[in-house]
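According to TrEMBL, the protein has these features:
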COMPBIAS  330-363  compositional bias 'Low complexity'
DOMAIN    88-183  domain 'Cytochrome oxidase subunit II transmembrane region profile'
DOMAIN    185-319  domain 'Cytochrome oxidase subunit II copper A binding'
REGION    324-363  region 'Disordered'
SIGNAL    1-29  signal peptide
TRANSMEM  113-134  transmembrane segment
TRANSMEM  155-176  transmembrane segment
Amino acid sequence: MILGKSTARILAPLWAALLVALAPQAALAQDAAPAVERAAATEAAPAAAETGAAAIGAVDDKADASTTDVAEGASAYKPLGPEWIKGQPTPGGLDVQKQYSPIGEQAVPFHNALVWIMAIISAFVLGLMLYTMIRFRRSANPVPSRTTHNTLIEVVWTLLPVLILVGIAIPSISLLSAQYQSAPKDAVTVKVTGYQWYWGYTYPDNGGFEVISNMLPEDEAERRGEPGQLAVDNRMVVPAGEWIRIQTTAADVIHAFAVPSLWFKLDAVPGRLNEKRLMIKEPGIYYGQCSELCGAKHGYMPIAVEALPRPQFEAWVRAQGGTVGKPEEAAAPAVAPLQQPETAAQQPAEGAEAPATEAAPAA
Ligand SMILES: [Cu+2]
């Protein structure tokens with residue numbers, strides 16, 4: 001009986017381990033076919049975005065000679081080169097990545113303090129155990145002590161942990177609440193959508209365009225001087241030095257949007273909109289990865305955030321066919337699209353020809 005029970009106890013975790021080991025391969029086999037279709041579908045999307053950008057360039061050139069700076073602004077955007085990479089993992093790195101957001105700067109000292117608190121407590125408990133095992137071993141104590149209570153020790157071992165926990169809770173809760181404070185009203189909103197297996201970045205305050213972001217093949221990443229399996233074709237571009245409102249959701253299964261060097265991680269859940277604020281202190285490129293097991297290609301949907309100074313960010317938005325300005329101004333052209341060449345160009349279905357010829361007499 002006893003043998004049977006203990007054998008079952010040993011076998012149960014082995015079974016569980018076997019199941020966990022086999023499950024991803026089953027998923028891989030199932031998902032191989034749809035992945036090809038999806039890849040084809042997503043390739044079409046960036047192409048559409050490019051047509052939009054080309055269209056807006058055409059409109060601006062012909063609309064008015066004085067708008068050349070706008071046209072230049074639109075064409076001035078160039079993706080940051082590899083010399084701008086700031087947040088990325090380093091080979092053999094042990095500590096957390098260098099932080100580039102105010103919240104990360106608040107979190108790192110707290111993290112380091114926690115590591116020390118844990119290390120000291122663990123060493124203290126280990127020391128106590130070793131001391132007890134040696135000092136009170138049977139051979140040294142043929143007649144054991146019959147002590148059962150010691151009021152002073154009981155008060156100390158109750159109060160001390162309570163004080164330690166309260167001491168940890170105060171900075172911990174303030175760090176948590178700092179992350180979930182509302183972003184300022186005029187903050188740029190980026191709606192991040194997780195798909196199996198790529199990311200979509202929508203800019204609802206800037207005309208609502210969506211950028212689809214896929215991982216670059218290893219050789220292409222290397223050619224561009226970027227880290228393999230982290231580089232993407234279209235980055236999530238945001239302004240640097242100001243609060244941004246990040247909202248996450250997903251189209252299929254749960255993903256998680258996580259960028260270690262910005263101390264940012266937020267689950268992307270289908271049918272739900274999660275929100276957190278983010279500030280990137282300086283322009284640069286910051287890499288992250290999906291951090292929720294989401295299927296066979298979970299490890300191949302990296303995140304690349306590109307933070308730019310305001311003017312370059314606005315140039316990028318225009319290059320995507322988006323609008324820049326206060327929410328009222330951005331919303332107004334949507335009512336009367338024909339009066340605003342920029343907005344007309346957002347709809348590639350109508351073609352770049354029509355609005356361009358309409359705008360031409362104004363020049
Ligand atoms: Cu994912």
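Note that the numbers count up from 1, one per residue, in the order the chain is shown.
The backbone N, Cα and C atoms fix where each Cβ goes, and this holds for glycine too.
For the transmembrane segment (113-134), the residues of the chain that approach it from at least six positions outside its boundaries are 164, 168, 171, judged by C-beta separation under 8 angstroms. Taken through DSSP, the domain 'Cytochrome oxidase subunit II copper A binding' (185-319) splits into 25 helix, 62 strand, 48 coil.
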